Structure formats: C-alpha cells, structure tokens
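A quick write-up on the structure given underneath.
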Amino acid sequence: MITLKEALTYSKEELINLKKELNEKAKKQKKIGAYVEQFLDKDLTDSIEGIPVAIKDNICVKDWELTCASKILQGYVSPYDASAIKNLKQNGFSPFGRANMDEFAMGSSTANSCYGRTLNPLDFSKVPGGSSGGSAAAVSSGLALASLGTDTGGSVRQPAAFCGCVGFKPSYGRISRYGLVTYSSSLDQIGVLTQNVEDAALLYDAMAGYDELDSTSAKIEFAKTAPNLNPDKKLTIAVIQNYIDEASAEVKQALLKTIELLKSYGHNIVYKNLLDSKFDIATYYIIAAAEASTNLSRYDGVRFGRRSEKQDSLNEMYINTRNEGFGDEVKRRILLGTFVLSSGYYDAYYIKALKARTFIKNKYKDILQDCDLIFMPVTPTTAFSFDTKKTPMQNYLEDIYTISVNLAGLGGISIPIGKDGNNLNISAQLVCKQFDEQTLLDGALNLEKIIKNK
Ligand code: GLN
C-alpha cells in the first residue's frame with residue numbers, strides 16, 4: 001500500500017482511483033471485519049476530496065452514522081464534524097470508512113463490538129487487539145493507508161502492536177476531543193495508526209493544536225513535527241527494567257536485542273523502574289469506570305440513537321433502553337463506576353485513585369527530568385487467540401504497560417521491532433515528556449531506521 005506521504009503527491013484523479021481500489025479491496029476482504037459501515041456498498045469515492053483515512057466509530061463525521069459499536073447508538077447520525085476531522089479535511093485528507101472497535105472503546109480485543117469481531121490480518125485465529133482493532137487491522141491488511149483510533153489506556157498502541165503497524169498517541173490535550181465520544185474524559189485521546197513513523201507525524205500534524213471548543217485542549221504553541229523530523233539525534237533513553245522483566249520470554253528477548261541496537265547506535269541508555277503495574281491497573285479501572293458511568297448516563301433513549309419498544313412508563317423506557325442497548329462489558333463498568341462514586345465508597349476508592357494518579361505522574365516526571373525518552377514494552381505478549389478464554393480481570397491485565405501513560409497524560413508510540421516464533425509482531429513503546437512529541441517522533445524514526453538496517 002502506498003504511504004500517506006506518497007499520496008500527498010497524488011492528483012485528484014489518482015485519489016479517486018485509489019479510493020475505488022480501496023473500496024473494492026475492502027469488499028473482498030470483508031471477512032477481516034476492519035470496517036463496520038455499510039460504506040462498502042456505498043460509493044463514497046468522490047464524496048469528499050482528499051487522501052482517504054479510516055475513522056474509528058467513536059469520532060464524529062458529519063452525516064455519517066456514529067455508533068461506538070454499540071446497539072444503543074445505532075441509527076444515530078452525526079450532525080457535525082469532530083474538530084480533528086474538520087482539521088483533517090482542511091489539510092487534504094478525507095474520512096473513508098468506519099473502523100470497528102470495542103463497544104465505547106472498552107476492551108483490548110475488539111471482541112466487544114455489536115458488529116462482531118475483527119480478525120488480526122497477521123493470523124486470522126488471533127485478536128487484532130483493541131479497542132481500535134478495526135483501525136489497526138485496516139492499516140495492517142492494506143485496506144487503509146492510515147487510520148484514526150482513540151487511546152484511553154492503550155487502545156491505539158496495543159492494537160498497533162498486535163497487528164504490526166505504528167500506533168501513536170500524543171499527550172493529552174494535543175488533539176481536540178471535541179466530537180470524540182467520551183469514555184473517560186480525563187484519559188481519552190485521539191491517536192493515529194500508520195504504516196510508518198513519518199506518516200504518523202504527518203497525520204498528527206494535520207489534526208493537532210489548540211481548539212477553543214474543547215476546554216481540555218492544551219493552550220500552548222504547536223509546531224508541526226513532520227518538517228522537523230530528525231532520525232539522527234543521540235538521546236538519553238530510560239529503559240524500564242521492572243516492566244521488561246515481567247514481559248513474556250519472546251517479547252523480553254526482542255526488547256533486550258533492541259536495547260543493544262540503541263546502545264550501539266550511540267544513545268545513552270539508563271535503567272529505571274516504574275511502580276508495580278498492579279497499582280496502575282487499580283487506579284485506571286477506578287477512574288475510567290467512574291468517568292464512564294457518568295459519561296454514559298446520557299444514553300437514555302431520549303436524546304441519542306435507539307429507544308426500547310417496551311416503554312410503558314418513563315422509568316421503564318430508560319431501563320429497557322439501557323438494558324437492551326449496552327453490552328456486558330459496558331454494563332460491568334457502569335456498575336463499577338457507580339459503586340466507586342457512591343457516597344459510602346467515594347473516599348475509599350475514587351479519591352484514593354486520584355491520589356495514586358498524582359503519584360504515578362510524579363514517577364514519570366522524575367524519570368523524564370534527566371531523560372529524553374522512556375523505552376518499554378507495549379504488551380506482555382503477542383496477539384492472543386480468539387479461543388483464549390479470559391476473565392474480565394485477565395483482559396484488564398492486557399494493558400499493564402500502556403495505561404499509566406494515559407494516567408500521566410504523556411505521549412506514547414508503539415513501533416514494530418521483531419517477530420515471535422509464530423511470525424506475530426512484537427513492538428516496543430517509547431514515551432515522551434508531556435507535549436514533547438517532536439522528540440518522541442525523532443526517537444521513533446531512529447528506532448524504525450535501526451530496526452530496518454539491522
Ligand atoms: N483496554 C482498556 C480498557 O478497556 C483501554 C481501552 C482504551 O484505551 N480505549 O479500558
């Protein structure tokens with residue numbers, strides 16, 4: 001598949017042909033389930049001019065159905081463009097196809113989707129990761145040049161690692177969340193999934209910057225990263241020893257090899273530890289569930305999407321709509337969130353989690369005071385099989401290396417570094433100081449180059 005950078009040189013005609021080609025290919029590869037929308041049967045080829053980019057089903061595109069892969073939102077058509085989409089359109093890109101996801105971005109396998117599952121293009125018996133599994137599968141199978149995903153606790157970086165593409169989540173506040181359907185407002189961030197680091201920088205540049213429509217958008221200067229990319233900087237990189245120790249043997253081996261390559265290139269490698277990841281898991285799932293329980297209270301059958309047929313009284317209408325519309329994982333989190341916010345438990349759980357979050361943030365701050373970047377795993381293992389039965393708790397442990405980055409509001413990127421014995425992808429994660437995306441992308445480009453040349 002051609003890259004975004006190459007597509008930037010395409011004429012209008014060439015872009016229309018490219019879209020036709022993608023549409024045909026996506027129809028043939030329906031089995032992968034990367035796209036959810038009936039867009040496959042529609043002719044969207046010249047409806048919006050620009051370079052086609054696949055969009056996760058939780059980002060508003062004007063006049064497109066928006067469902068977050070949930071029954072409760074089916075039939076809802078977005079009346080406006082998210083700010084990120086508006087920026088994309090203004091910069092020569094066009095939304096092209098709805099990517100499948102875990103319902104309301106809750107999950108790590110894209111198995112929690114009302115449309116059914118998405119397959120991992122590297123091995124159809126494996127999950128593509130999640131929640132942006134459709135976005136990752138589309139890029140990795142050549143059904144999209146690039147895609148947008150969202151990352152609340154790893155949902156861009158983890159599926160990118162499972163499917164073998166680049167997944168970049170900028171610092172919280174860099175890309176406007178206006179028009180992104182909220183799961184956990186203090187953690188959600190739009191990110192990009194691309195074929196290489198340069199494309200990630202290009203797509204990020206086309207969306208980032210302050211937005212007055214989003215009160216959490218960072219009101220700081222934004223300079224484009226792609227024109228300033230430098231893959232030859234020598235950096236001080238902190239390797240997180242306790243994270244690497246916990247990873248599976250094959251992941252660990254690939255990471256250790258990569259560290260040697262980084263050293264021989266001339267980077268200064270130092271070894272540090274972060275908190276035991278069990279504290280991150282507890283903190284994240286309390287805060288994310290608490291925020292989700294309030295954010296999802298708006299889906300009541302009155303304002304958005306579907307309403308239950310069973311509606312003898314107002315109360316019954318609310319209850320039946322939510323009961324029929326939400327899947328099990330979403331209900332589990334609403335219950336958990338409501339519990340940790342209830343008056344008897346608020347101090348014991350929610351307030352404690354907020355304190356732990358500050359602690360986690362400070363840990364990162366300490367390390368990044370003396371270092372340019374952090375190097376660590378993305379996932380403990382490579383893509384797991386659809387047959388692996390996991391409890392909710394085991395699913396939550398999929399995110400041990402990604403969620404603390406969201407809790408700290410930092411930028412992170414996952415870069416392919418090797419393969420396991422079954423030819424599945426292994427990636428490494430780089431993390432930067434808040435808003436230092438330039439150094440993150442420079443380091444990532446260097447890592448990509450080192451891996452290519454090894
Ligand atoms: N797997 C995590 C969760 O289920 C992260 C999801 C995400 O980043 N959206 O919450």
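Using the three backbone atoms N, Cα and C, a Cβ is placed for every residue, glycine included.
Look at TrEMBL and you will find LYS56 (among others) tagged as active site, charge relay system. LYS56 (active site, charge relay system): 30 other CB atoms within 10 A of its CB, across all protein chains. DSSP classifies LYS56 (active site, charge relay system) as strand under the three-state reduction.
What TrEMBL records for SER131 (among others) is active site, charge relay system. According to its DSSP assignment, SER131 (active site, charge relay system) is coil. Taking the Cβ of SER131 (active site, charge relay system) as reference, residues of its chain lying under 8 Å away and at least six apart in sequence are, in sequence order, MET101, ASP102, ALA105, MET106, GLY107, SER108, THR110, ASN112, GLY149, THR150, THR152, SER155, PRO159.
Taking all protein chains in view, 36 other C-beta atoms sit within 10 angstroms of the C-beta of SER155 (active site, acyl-ester intermediate). Annotated active site, acyl-ester intermediate per TrEMBL: SER155, in sequence order.
The coiled coil annotation in TrEMBL covers 5-32.
What TrEMBL records for 23-441 is domain 'Amidase'.
Close to ligand 1, meaning a Cβ under 6 Å from one of its atoms, are these of the active-site residues LYS56, SER131, SER155: SER131, SER155. If you average pLDDT over the domain 'Amidase' (23-441) in this model, you get 95.
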